[in-house]
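Worksheet: the structure to be examined is printed underneath.
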Protein chains: 2
Amino acid sequence: MNKRLNVTQHNTRPDKKAIVLLSGGLDSATVLAKALAEGYECYALAFDYGQRHRAELVAAERIAQSMGAKAFKVIKLDLSSIGGSALTDMAIDVPDAGGSGIPVTYVPARNTVFLSIALGWAEVVDARSIHIGVNAVDYSGYPDCRPDFVAAFERLANVATKAGIEGHTLHIATPLIDLSKAEIIQLGTSLGVDYALTVSCYKADNDGLACGRCDSCHLRKEGFAQANVADPTAYKETS
Amino acid sequence: MNKRLNVTQHNTRPDKKAIVLLSGGLDSATVLAKALAEGYECYALAFDYGQRHRAELVAAERIAQSMGAKAFKVIKLDLSSIGGSALTDMAIDVPDAGGSGIPVTYVPARNTVFLSIALGWAEVVDARSIHIGVNAVDYSGYPDCRPDFVAAFERLANVATKAGIEGHTLHIATPLIDLSKAEIIQLGTSLGVDYALTVSCYKADNDGLACGRCDSCHLRKEGFAQANVADPTAYKETS
């Protein structure tokens with residue numbers, strides 16, 4: 001799909017073009033569905049950042065294609081060499097659910113890095129918004145999922161770019177920011193998202209089967225239960 | 001040198017640890033020299049982002065080692081797949097010096113991306129400052145070299161991180177921001193920087209020989225002349 005990007009898009013107005021961060025998980029699939037429903041031409045962006053759960057990337061591409069994103073791109077970025085997180089450092093175990101404070105699965109500055117690269121792509125395709133699936137549940141533990149962070153990044157984006165200098169406004173859209181996991185699932189279901197395509201598990205195997213035990217699996221299971229929506233997740237037999 | 005990073009540093013106070021963005025060029029070598037002179041333990045960070053001038057990376061490692069950085073790290077990041085700049089897109093020619101406005105050598109959101117990754121490393125090693133060689137000369141053409149940009153990134157850094165949440169302040173140091181190229185060269189010379197180790201040319205060959213014609217060569221040549229310092233740059237014979 002990357003080849004399409006070589007063609008400059010003249011037909012779509014910049015304010016109707018969006019970069020959508022797509023992880024392959026439940027939240028970002030919902031964000032993509034909402035942006036498409038709002039009429040945005042969507043440029044879906046995923047990252048190969050040395051994460052344990054590489055089934056995410058396969059899921060992200062499947063989601064982008066099946067939902068009709070204009071383009072899908074994976075950026076390789078070796079954050080594992082920085083270390084510091086259970087998601088990229090094989091020496092740190094991913095814990096089961098529970099615990100308080102900033103979790104060990106927090107990847108230092110991850111959303112800052114992802115949004116920055118999205119900003120670069122937004123400049124190239126002349127998109128005026130970046131859509132990201134941060135939400136109230138993540139807010140509890142990750143510094144870079146808070147509304148303050150998003151507001152600070154938006155201010156940065158508007159001084160960091162050509163478009164900003166030329167007087168255009170770049171918007172960071174966070175449609176899930178105030179939603180619980182159950183509300184996200186209800187929103188996505190109403191928009192026709194097929195959550196069977198998504199992978200949330202931090203320990204998913206190569207087939208995308210979920211462990212059913214990590215923080216991410218726990219939140220997802222609870223979300224489907226509270227939303228009264230059948231959980232389509234495929235779990236490993238041992239869980 | 002990367003292996004040293006696996007050892008957590010307990011001896012140095014976080015406010016005396018610095019991430020230094022090191023490109024292999026003249027400016028960032030001066031920044032590293034200044035940070036070292038001020039007593040910082042320096043973690044030098046370079047990027048392999050698909051740039052044309054790969055001799056930069058060789059130069060960056062040489063500079064980090066010879067000056068005595070605590071660690072040196074190269075992060076691979078494929079910005080060329082985003083395109084949009086003559087520095088990463090082989091279909092766009094690097095122009096000779098001259099012209100006005102934002103140059104085609106501008107890499108979309110480059111400094112935002114670099115500072116974001118530096119922020120991640122700062123979290124991991126618990127450093128409280130990031131030093132970057134943006135300056136008055138770059139200011140004229142690149143949006144992400146302006147003081148407004150740096151201030152916005154610093155505000156972001158202080159809400160984006162664990163350290164920020166815990167009440168610590170992260171500082172973005174831009175010691176060259178108000179200096180001309182000649183003043184930078186005078187500063188570095190007074191600090192003992194060996195500029196023969198640095199590579200500025202956008203079209204440098206694998207041996208680090210400079211073209212003598214691009215914007216970057218032009219600024220560098222002029223800087224040495226105005227600073228009354230002998231230019232140690234090795235140019236290609238054709239230039």
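Even glycines carry a Cβ here, placed using N, Cα and C.
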Listed in TrEMBL for the Zn(2+) site shared with B:Cys211, B:Cys214, B:Cys217, one of B:Cys145, B:Cys201: B:Cys201
Listed in sequence order, residues with CB under 8 A of B:Leu32 (ATP binding site) and six or more positions away: B:Val20, B:Leu22, B:Cys42, B:Ala44, B:Ile63, B:Ala64, B:Met67, B:Ala69, B:His131
Coarse DSSP state, helix versus strand versus coil, of B:Leu22 (ATP binding site): coil
Euclidean distance between Cα atoms of B:Gly24 (ATP binding site) and B:Cys217 (Zn(2+) binding site), Å: 14
Residues within 8 Å of the B:Leu22, B:Ser23, B:Gly24, B:Gly25, B:Leu26, B:Asp27, B:Ser28, B:Ala29, B:Thr30, B:Val31, B:Leu32 Cβ centre (excluding the ATP site residues themselves): B:Ala60, B:Ile63, B:Gly133, B:Thr198
By Cα-Cα distance, the member of binding-site residues B:Cys201, B:Cys211, B:Cys214 nearest B:Thr30 (ATP binding site): B:Cys201
Candidate with sparsest Cβ neighbourhood (10 Å radius) among B:Leu26, B:Cys201, B:Cys211, B:Cys217, the listed binding-site residues: B:Cys211
Whole-number Å value for how far B:Cys201 (Zn(2+) binding site) lies from B:Leu26 (ATP binding site) (Cα to Cα): 10
Spatial separation of B:Gly24 (ATP binding site) from B:Cys201 (Zn(2+) binding site) - C-alpha basis, Å: 10
